Every structure is written in structure tokens, then in C-alpha cells.
């Protein structure tokens with residue numbers, strides 16, 4: 001098994017070297033490192049599409065047909081332990097089958113294999129509308145029913161044989177693997193021990209071995225026996241528990257060696273318990289092995305960025321977290337749903353993403369197009385590992401070298417500095433001490449005059465570029481703002497108080513009373529003046545509307561006129 005994995009690693013490594021030579025030449029990693037952009041060598045891309053189904057039938061109790069009933073008591077005790085483990089699991093499977101009914105609409109003829117699940121219809125959901133979990137359970141149930149006949153045959157065969165491993169291939173090419181617990185141990189050790197050591201001693205040995213196997217069973221299948229859901233299954237645990245090379249048995253010629261290694265490394269093999277037989281103490285697992293397809297000529301690079309220095313100022317280049325490079329394409333990669341192995345990324349779909357044109361040209365080496373932003377806080381990374389050493393912005397950091405913690409500086413004309421085991425050994429950055437790899441080499445690819453693009457806003461709303469100037473302005477105007485605050489605190493204090501409102505009301509009432517008093521006094525004064533001086537009254541005839549002819553009659557006016565005539 002070890003040699004098999006080593007061959008897979010060698011083949012995958014060779015393919016990766018070829019792809020790296022063809023594709024990674026697009027990305028000038030040396031030039032980007034001088035502005036703090038760190039890009040690794042990259043890994044290949046594989047798409048996990050469909051899967052192959054396999055079934056494993058586990059016989060948990062060995063066939064013990066020893067003379068004089070040796071080991072029978074130990075087997076009974078072992079079965080009682082298994083009942084505690086398997087009865088809840090069987091009840092859950094019975095409940096699932098009661099909730100989901102699968103009907104087959106195809107015609108069953110003699111000699112005609114049963115149709116695949118695509119011919120089956122999920123008919124009735126006892127609790128109402130089918131949820132996604134119920135549909136998934138229905139699929140597993142239908143697949144189990146299709147393989148039920150073959151599984152039943154191999155179960156019957158296992159009860160009649162003393163082999164520890166049996167393999168059956170059904171009509172559609174799917175393999176059913178049967179593993180019998182401790183059968184080789186019973187055949188090779190317990191039976192000979194009866195004649196040599198006696199029945200009692202052999203039975204004790206069998207009891208101890210069964211107890212050990214029970215705890216090994218919990219270790220290998222703890223996640224599967226605890227739920228009927230789909231869980232990752234480690235074939236190495238099965239191989240160790242049943243002393244069989246299950247990896248080679250469970251794979252076919254359609255799965256390449258490098259794919260087998262990636263599947264095992266990332267633990268992508270899923271197992272689900274689909275049947276529990278308490279009469280024979282057998283458990284059936286449905287195992288799904290993903291089929292991987294490698295995308296040729298594609299590498300996914302992991303990218304990161306640290307701050308760098310230009311003329312004493314600290315800047316930061318924004319790059320995608322992962323870069324996908326292809327012969328005619330360079331963009332980002334969304335690996336949210338992907339699994340990373342040592343040599344590849346395994347994704348359910350193509351993870352390629354578009355990135356702005358400026359970022360593409362920046363990654364291709366045109367640093368004048370790199371989107372940069374000025375660093376105004378200490379949250380930006382200051383160092384990173386590369387080629388077994390450390391690349392750091394020593395101007396913005398406190399760096400030491402060696403066990404003596406000797407302070408080191410950086411040329412202000414360089415964006416970053418590279419530290420390795422040869423020129424430093426123990427590296428300290430802002431109090432963090434790092435030991436460089438002894439095999440690491442100097443990652444400086446030559447001093448270059450750095451020219452980067454103008455500072456731009458990397459988000460729709462980004463004020464970080466002017467934050468430093470705004471901070472200085474606020475510091476300069478702090479005294480004036482304090483004075484203005486004091487003035488504003490004084491203004492509005494007198495008319496917003498309760499005492500001020502009461503005072504205003506009292507003043508208005510007093511003014512109103514004074515006005516009323518003045519009017520009354522003037523009226524009385526005028527009246528008293530008219531009553532006290534009657535001679536000064538205006539003659540009545542001056543203002544009367546009576547005709548003056550009346551006065552002529554009463555005052556002798558007509559007599560005077562007659563005398564004149």
C-alpha cells in the first residue's frame with residue numbers, strides 16, 4: 001500500500017512540474033514579491049462530477065463452530081454489546097423506510113435486471129411535502145433496494161463460509177465487498193489453541209479479542225453507527241480492522257492512481273448505513289467514491305500580500321486570495337466549495353472568476369497597474385514565508401536577527417527585504433520569532449526600481465486614502481473645535497432653562513398690568529378735567545346741528561331786519 005501511494009505521488013508530482021513549467025511562467029513571481037505580493041507555485045485542478053457506488057457488508061460476529069461449545073459464552077456477551085449499538089440504528093432505518101415509499105413503475109420480467117433509480121419514482125411521503133433530506137434518503141433507499149438481492153446472496157454465502165473477505169460484482173458492475181470479523185483469528189489461532197491450551201483458555205483468548213474488536217469497531221465506524229446520514233469513511237480504518245487492502249478492492253480501472261491518492265488524502269469517500277440485520281449481525285454500508293477529472297493546463301495559485309515601502313511610506317497591493325491561470329486566461333478562483341489536497345484542488349465545478357483588467361495586468365508583472373492603498377493602521381500583514389525564508393517590510397516593523405536579537409534595518413529604496421537561515425537564522429518580526437528553513441535560499445531576485453499605479457479606491461466607498469490627511473487636519477483644528485464647542489454650549493443655555501421661561505412670563509404680565517393702569521389713569525384724568533372747568537366748554541351752537549333760523553325768531557332777528565327796511 002505504501003509503495004502504491006508513493007508511485008501515485010511521483011506521478012502526480014511529475015505532472016505538476018510539467019504544468020507549472022507551462023503555466024506559471026505567466027506570473028512573474030519574482031517581480032511581484034518586490035511589492036509584497038506572494039504567489040505560490042500552484043496546484044492542479046480536478047472536477048469531482050459523478051461517483052461510483054460500492055457496498056460493504058460487515059459481518060460483526062465470526063463463525064464459531066468449535067467443539068464442545070468453546071467460546072459460546074463469550075460470543076453471547078459480545079452480541080449483547082452489539083445490540084446496544086445496532087438496535088437504535090435499525091429503529092432509525094425502519095422509521096426512514098416508513099416515512100418514504102419508493103414505487104417502481106417499470107415492468108419486472110424474468111431474467112431482466114432491475115432498473116436503476118432513474119426508473120423509480122418517489123411516490124408517497126407520509127408526513128407531507130418531501131424535503132431535500134427526505135429525497136436524499138429516498139435515493140439511498142432506492143439504491144439499496146436495487147442491490148438488495150445481491151446483498152442477500154452474499155449474506156447467505158458469508159454464513160456458510162469461513163473466509164474473511166469475499167467479493168461479488170452485480171449485473172451493473174458495482175462491487176459488493178463482504179468482510180467477516182475476526183474469522184482469520186478464529187481459524188488460525190483459536191482452533192489450534194483448543195487442542196494445545198484447552199477449551200477454557202482458548203475461550204478466554206476469544207473473549208479478549210472480541211472485546212478489543214468491539215472498541216476498534218467503534219473507532220472505525222463511530223460516525224456511521226451514530227447516524228443514518230452520510231459521513232466520511234476512512235478506508236484505512238477498515239483495512240486495519242479487517243486486515244485487508246480495501247483500497248485496491250474498492251477502486252476500479254476507471255479511477256487513476258493519482259485520483260485514488262487525492263480521494264484518500266481528502267477523505268472524500270462517503271459511507272452510509274443502509275441495512276442492519278440483527279439475526280446475522282451484519283451491517284451494510286453504501287460507499288460513494290467520487291470520480292475525478294483533471295482539467296489540463298490549469299493551475300490554482302494561492303496569493304497573499306504584505307505591506308511594502310516606497311520613499312518611507314507604507315503601501316499595500318490588493319490581490320485575489322486565489323489566482324487561476326490557464327493558457328489564455330488569468331483570473332480569480334472561488335474555492336469555497338473546493339477541497340485542497342497536497343497536489344490538487346478538488347472542486348464540484350469550475351471555480352474560475354473574472355477580475356478587473358488592472359489586476360490582471362498587475363499579476364502579469366505590470367506593477368504600474370497594481371491597485372494600491374495607503375496603510376493607515378497596523379492590521380495589514382508585515383511579513384510572510386517564501387522559499388524557506390521570510391519576506392518582511394522591515395521599515396514598518398521591528399526586526400531582529402540571530403539569537404542575540406540584533407536589530408536590522410532596510411534600504412529605503414527597497415519595497416521589502418528577504419531573510420533566510422543563511423543570513424539571519426533566528427528571525428524576529430514585531431516580537432514574533434521565526435526559525436527559517438535550513439534548506440531555504442535567498443528569495444531576492446534582484447533590486448528593481450519600483451513603479452506602481454496611482455492610489456485608487458478599491459471599494460465603492462473607501463476613505464482610507466485620505467484618512468491620514470483627515471487625521472492631521474483634525475489634530476490641527478482640535479483647539480478651534482473645542483472653543484466652538486464651548487461657545488455652542490453657552491449659546492442656548494439661558495433660554496432653554498425653566499427659570500428663563502418663568503421670568504419672561506412674569507415680565508410680560510407686569511408690562512400688561514402697567515399698560516392697563518396707564519389707560520385707566522389717563523381716562524380718569526381727562527374726565528376730571530372736563531367736570532372741573534365748565535366755562536371752557538365749547539358753546540352749544542358751535543357744534544349743534546339745529547338751524548340758525550330758530551335763533552333768529554327767539555332773539556329778535558326779524559325785528560332788526562324790519563327796522564332796516
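Cβ atoms are placed via backbone N, Cα and C, with glycine included.
It should be emphasised that the depicted structure is a prediction, and the values quoted were computed from it without experimental measurement.
Looking at 55-83, 84-112, 113-141, 142-170, the range tied to coiled coil in Swiss-Prot is 142-170.
When Swiss-Prot is compared with the stretches 440-465, 466-491, 492-517, the one noted as coiled coil is 466-491. Swiss-Prot assigns the feature region 'Leucine-zipper' to one of the listed ranges (220-248, 249-277, 278-306), namely 278-306.
Packing around residue 362 (disulfide bond) is summarised by its Cβ count: 25 other Cβ atoms lie within 10 angstroms of its Cβ, all protein chains included. Reduced to three states, the DSSP call for residue 362 (disulfide bond) is helix.
When the region 'Leucine-zipper' (278-306) is classified with DSSP, helix, strand and coil residues number 0 helix, 24 strand, 5 coil. When secondary structure is read from DSSP and collapsed to three states, residue 401 (disulfide bond) falls in the strand class. Annotated pair residue 347 (disulfide bond) and residue 362 (disulfide bond), C-alpha to C-alpha distance, rounded: 27 Å.
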